[in-house]
């Protein structure tokens, strides 16, 4: 499901470090060399490169990269080079501090990661920012969004396959009753969405469709301009069909007036080692265009090259 391509014979870590150091030397930076190495190493290999580079050259690799490259290319390379938990911590911090109702990074980190990955991200957040993620979300998010997002990022859900079918049936009824009354921020809706396991939620959403004849997200489209409803739908889609959720995010990032590089970079760097192949397939099916072609059309130069490399382009 991952699109990341790693050579069958990976050079020694010391050789990768030496080549990266060479890419930084002289009058110009060798961006092609940076991409050829970092965009073709998995998380463990990138972690080893960062550690060895600091030991040999006395400078953190991320700082060395930041001194040499800039703009959206720099952001893509830095986000990709970070350990996945660190990356999520950085993305969560950025969104918490500049939070706005249309933000989706917190939802993705809380719902499209495993409970263990969310826990690791929160540990990385604590280590990097000397505060808890929950603390910052509570400080910067207001109103109904705070009621929803604080417990969402606080959760440590059961991650097994067991499902209580009678509970799914009864909680589907609760969800329908609250949604029918337009009580979208009711504590029962928030309790169910922020505490139940993925397997339990899928059973509940299936029961909802069986009992009421349509998917829950259809009832949550009562007001398409309501960002709180959009956030509820995003939570549900991250649990039920993450590949289609991220396909839509990329489609919107590429399809508007100007490219939303933040969203595009976030999806590709966070999913390249997870399920970006499925997202590519969903994009091709939905748009009849390969994702690589769409990205190449809307991006340029080194930024285009790093994204295409992570997409698995030859």
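Residue positions begin at 1 at the first shown residue.
Every residue, even glycine, has its Cβ placed from backbone N, Cα and C.
As written in TrEMBL, here are the features:
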BINDING   24, 26, 28, 68, 258, 296, 299, 304  Ca(2+) 1 binding site
BINDING   298  Ca(2+) 3 binding site
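Here the features listed in TrEMBL are painted onto the structure.
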{"residue": "24", "record": "Ca(2+) 1 binding site", "contacts (Cβ under 8 Å, 6+ apart)": "64, 67, 68"}
{"residue": "26", "record": "Ca(2+) 1 binding site", "contacts (Cβ under 8 Å, 6+ apart)": "none"}
{"residue": "28", "record": "Ca(2+) 1 binding site", "contacts (Cβ under 8 Å, 6+ apart)": "none"}
{"residue": "258", "record": "Ca(2+) 1 binding site", "contacts (Cβ under 8 Å, 6+ apart)": "none"}
{"residue": "296", "record": "Ca(2+) 1 binding site", "contacts (Cβ under 8 Å, 6+ apart)": "304, 308"}
{"residue": "298", "record": "Ca(2+) 3 binding site", "contacts (Cβ under 8 Å, 6+ apart)": "254, 259"}
{"residue": "299", "record": "Ca(2+) 1 binding site", "contacts (Cβ under 8 Å, 6+ apart)": "259, 261, 264, 307"}
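Neighbours of residue 68 (Ca(2+) 1 binding site), defined as other CB atoms within 10 A of its CB across all chains, total 18. There are 19 other CB atoms within 10 A of the CB of residue 304 (Ca(2+) 1 binding site), with all protein chains counted.
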